[in-house]
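**Student:** Quick paste of what TrEMBL says about this protein:
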TRANSMEM  37-59  transmembrane segment
TRANSMEM  124-142  transmembrane segment
TRANSMEM  162-180  transmembrane segment
TRANSMEM  245-266  transmembrane segment
TRANSMEM  281-300  transmembrane segment
TRANSMEM  312-330  transmembrane segment
DOMAIN    352-494  domain 'RCK N-terminal'
REGION    712-745  region 'Disordered'
DOMAIN    787-931  domain 'RCK N-terminal'
REGION    1134-1182  region 'Disordered'
COMPBIAS  1136-1156  compositional bias 'Low complexity'
COMPBIAS  1167-1182  compositional bias 'Basic and acidic residues'
Amino acid sequence: MSKREKFNQDPSIQISKMNVIIPFSPDVPCDSNGQRMWWAFLASSMVTFFGGLFIILLWRTLKYLWTVCCHCNAKKKTVHRITTGDGIKRVDKEDPAASEVGWMTSVKDWAGVMISAQTLTGRVLVVLVFALSIGALVIYFIDSSDPIESCQNFYKDFTLQIDMAFNVFFLLYFGLRFIAANDKLWFWLEVNSVVDFFTVPPVFVSVYLNRSWLGLRFLRALRLIQFSEILQFLNILKTSNSIKLVNLCSIFISTWLTAAGFIHLVENSGDPWENFQNSQALSYWECVYLLMVTMSTVGYGDVYAKTTLGRLFMVFFILGGLAMFASYVPEIIELIGNRKKYGGSYSAVNGRKHIVVCGHITLESVSNFLKDFLHKDRDDVNVEIVFLHNISPNLELEALFKRHFTQVEFYQGSVLNPHDLARVKIESADACLILANKYCADPDAEDASNIMRVISIKNYHPKIRIITQMLQYHNKAHLLNIPSWNWKEGDDAICLAELKLGFIAQSCLAQGLSTMLANLFSMRSFIKIEEDTWQKYYLEGVANEMYTEYLSSAFVGMSFPVICELCYVKLKLLLIAIEYKSDQRECSTLINPGNHVKMQEGTLGFFIASDAKEVKRALFYCKACHDDISDPKRIKKCGCKKLIYSKTAAYKKIRLACCFDCSRSERDCSCMPVNVRCNMDSPRRDIPLSAVSVNDCSATLRAFEEDQQLALSPKKKQRNGGMRNSPNSSPKIMRHDPLVIPGNDQMESMDENIKKYDSTGMFHWCPSKDIEKVILTRSEAAMTVLSGHVVVCIFGDVKSALIGLRNFVMPLRASNFHYHELKHIVFVGSLEYLKREWETLHNFPKVSILPGTPLSRADLRAVNINLCDMCVILSANQNNIDDASLQDKECILASLNIKSMLFDDSIGVLQANSQGFTPPGMDRSSPENSPVHGLVRQTSVTTGANIPIITELVNDSNVQFLDQDDDDDPDTELYLTQPFACGTAFAVSVLDSLMSATYFNDNILTLIRTLVTGGATPELEGLLAEENALRGGYSTPQTLANRDRCRVAQLALYDGPFADLGDGGCYGDLFCKALKTYNMLCFGIYRLRDAHLNQQSQCTKRYVITNPPYAFELVPSDLIFCLMQFDHNAGQSRTSLSHSSHSSHSSSKKSSSVHSIPTTNRTNRVKSRDSRDKQKKDMVYR
């Protein structure tokens, strides 16, 4: 059979016998007598490549020869210039050549800028070239389904037109690259240049011949190698791992697709020496499949190469392909497998805020934080929590995140990396919370880490609100150095040492207060117990938390005690403080202010309640609608019209109406009495909102004047005995503004040219003392009169981290105590450690040091620990011990050591009858209507178990070792254990709740800090940051006014003006009586543990009951937590009502009230005191 007959058997190729080429038939191979034109396309590429290469080499050769010749001539010209001296003219003639070189250089630089990614134009051009290359590759994929060579009409083939446009752009870009290239030969041999040689010229040939050859267009796949560079130009790839991963993938894929294109070409074309008769029809994607199974050495055999060119290529490709597959694929898999599981980015949800939590992220810290932050007692928390940490979570922590997956997300990264901050959308976050490692060995290093986190976050987004935990108080000063740190905008630093020691210090004034305050700002669920046990009453109080809410306009113009009583009786809410705005619009937190403070519109109140919904009653209360409602749950938002004018606006109407005819300023107006003018910015009573005429002014102002007459002048106040009034006296005379009516004590302080207080007036101050002057030997301590004092047992050495004892001493030296009320503080511990702390303590009075060890009973007896008001056990040693139970071994041993000590009862009785051993501030002859007997002096402590002790713990579970008679399980939460409920143990972990409490309401932290620090303010922190010590200041009316603030005390009910309520009375009656009579705000009970048994018990332990209900029954042994007013006249005489500083345990059976002593003995004791005072003039009371 002839060759022509063979072709006739296949009808699909019958047209190939035609002798005339039909170039406009797109689907028919163009063949003229069996000849094809593929060589024309290939020749165009080869000629371009080798022709250009020849020209470059020829140019280099000629340039080399020219350089050699010019070099020889240059030597001759140089010698000639030296001999003739016409060098200047020669230089002038060479100027045009120099200018021409400069022009070429500028063009070259311009071309380099155009193709580089350094400018926006260059980046756009590079990205555009890559995108068009991928587009050309896609066109190749489309055309690969057509025959290798076919006739194409350029004017009708849309893909050919697009491909032509792409290649014209590639040609222009090639020209730019050629101009910018420094080494033209190396540029000519680059991969991208080779791709252009074999793809661009054939397109022009196809237009000229009106035929298309698929040819080497698959080489465009090699452009994929630049994919990682393009992504880097676009700032998409930033990490080394991602760049490496994209590089490996792009090289692997581009090699794979390019090799598949070559197999597709030769297999569909056949071998030229076989006259293309051994071809086989393979699609491009079948060739891709063939290359993959070949590289993987699987080789199924279903598809294989038949042409010699194809098989020869496969022989060489399998060597490189197998090596590439064996090395690239495992590395790609490893990079993908090692990708951070939590390496994504946070997607913000519209209408939902999110916060970022970073720092010390562990199972304990996160669980404590989430437990409080997501507590059900809060309003609906529509906040998403994003945790950012550089270490992936362990399985337990991961499980915790999964349990809260609807509100919690975790991302692996560091806040020190701006890229990671961008991932968690820190710029749109509502706040950033930084947790600290409370158990670290180096607190200063931990604080430095958190400060660096603050700097990084503030540097990225200065406006973000940051709440950070700090371990050491002195490190807070570094935060003030950050320019964008602004506590007025919500930035807060929760110093754990400051608050921890402040809580413990307040327990020295009122034992159990640390437990009560810790429970107030922690979210606890209500646990109901039916049995009549102490846990029942304790847990009822634990369910209370601290909230803030704006007061209803119905309270405007009322005094604080009136509102407080109304809220407690009517709304079942305990109001303890308000945020008061002064005339200068400065906000300050006032705790239990007196009658002189009248409520303004929009005043923020601080409440103690069981949940946030209850506090809404203070906002919704309306006198018109809710006055007759007895059930507080029925107090809902009413539809009454809001007051259009505030009381202040009405008051201004009166002033304007009165002063209309005077033509004088308001304060100079003669129409108004002086006492009204002095207080006209504080309305004293409700004013009708109707229009005020001039004729009504006199009557209205007379009403104001009557209110003013209720305030006593200093002389009247002195005649009436200051605050020593009867229980039924009006509360309006209880407290006055010291700026308006200064007490005699203040006047004396102003007259004396002595610095008694620090420059802010918030703390007692004395000139700095050398530590040698306050050191006591054991014998000196035994001879020194120590009673009603505070013993601080501290463990530490030269290497221990400083815990900041100044934060403990400052609350005990607050200026709202008079000097004689200050408790003496005796530190028992290592002298080397205390020397390091002394720099911050040398300006506080009544501080002594006994070098020794808290484990020595001789040292403890020397400081009369059985007569102390409180014994505090602290440890500065950070023990890095694997066993957590051993972290508190020193404190536990010291506590058990003290509790096991025995004391001679006769010594206690002898000292009780000696005025020399009477605590400072306690007067045996105080009047019987004294409201505060405090924790009366313990006169007969015979066992250490009755000594009031508070122990600091690092590990919560170690609380089980403090009390041997309790049945606390090791897994019991700290707040449910007996030592914590009794106020004898305190752990820093309870302060974790302050993070979420501060986020939801930063006023809570302000109130807590005001309560426990004794009056530390941001201004004082700035002063300490400058000098690291308190600076003394002369007394001025402004600084003395700072003394006029509340302090915490305890009321004894077994005697005194409240004794009638102590035996079966209601707590609500006591609350109202104390508030009305003495402006004292009661907020809890410190009750004997077995008081509910109604039988005599040897147990002297007490527990805390927070905010009991109105009908709660009192027992005579109860001690009442209260906020009492500052007594201006207590400094003149020891016979004052405010001697609440005698806070010792009164639970001993033999301890008695000061009023239970017979009057005859009282007189003898006064005489004994006078004689004893004369004998002790020469004794040094350190």
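Keep in mind that glycine also has a Cβ here, set from the backbone N, Cα and C atoms.
Have a look at these and tell me how they're positioned relative to everything else.
**Tutor:** Long-range contacts of the transmembrane segment (37-59) within the same chain: residues 30, 148-149, 184-185, 188, 194, 197-198, 201-202, 204-206, 209, 211, 213, 215-216, 269, each at least 6 residues beyond the stretch ends and with a Cβ under 8 Å from a Cβ of the stretch.
Note on the transmembrane segment (162-180): residues 107-108, 111-112, 114-115, 125, 128-129, 132-133, 135-136, 139, 154, 187, 192-193, 196, 199-200, 203-204, 207 of its chain, located 6 or more positions outside it, place their CB under 8 angstroms from a CB of the stretch.
Within the chain carrying the transmembrane segment (312-330), a Cβ under 8 angstroms from the stretch's Cβ atoms is held by residues 248, 251-252, 255, 259, 262-263, 266, 291, 294-297, 305, all 6 or more beyond its ends.
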**Student:** The transmembrane segment (124-142): which same-chain residues, six or more beyond its ends, come within Cβ distance under 8 Å?
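**Tutor:** Contacts with the transmembrane segment (124-142): 114-117, 159, 162-163, 166-167, 169-170, 173, 199, 214, 217-218, 220-221, 223-224, 226-227, 229-230, 233-234, 257, 261, 284.
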**Student:** Going along the chain, which residues at least six beyond the ends of the transmembrane segment (245-266) come within the CB cut-off of under 8 Å?
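**Tutor:** Apart from its flanks, the transmembrane segment (245-266) reaches 137, 140, 144, 148, 214-219, 221-228, 231, 237, 282-284, 287-288, 290-292, 295, 305, 307, 309-310, 313-314, 317, 321, 324-325, 328-329, 331-332, 335-336.
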**Student:** Under DSSP, the domain 'RCK N-terminal' (352-494) has how many residues in helix, strand and coil?
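**Tutor:** So the counts come to 57 helix, 32 strand, 54 coil.
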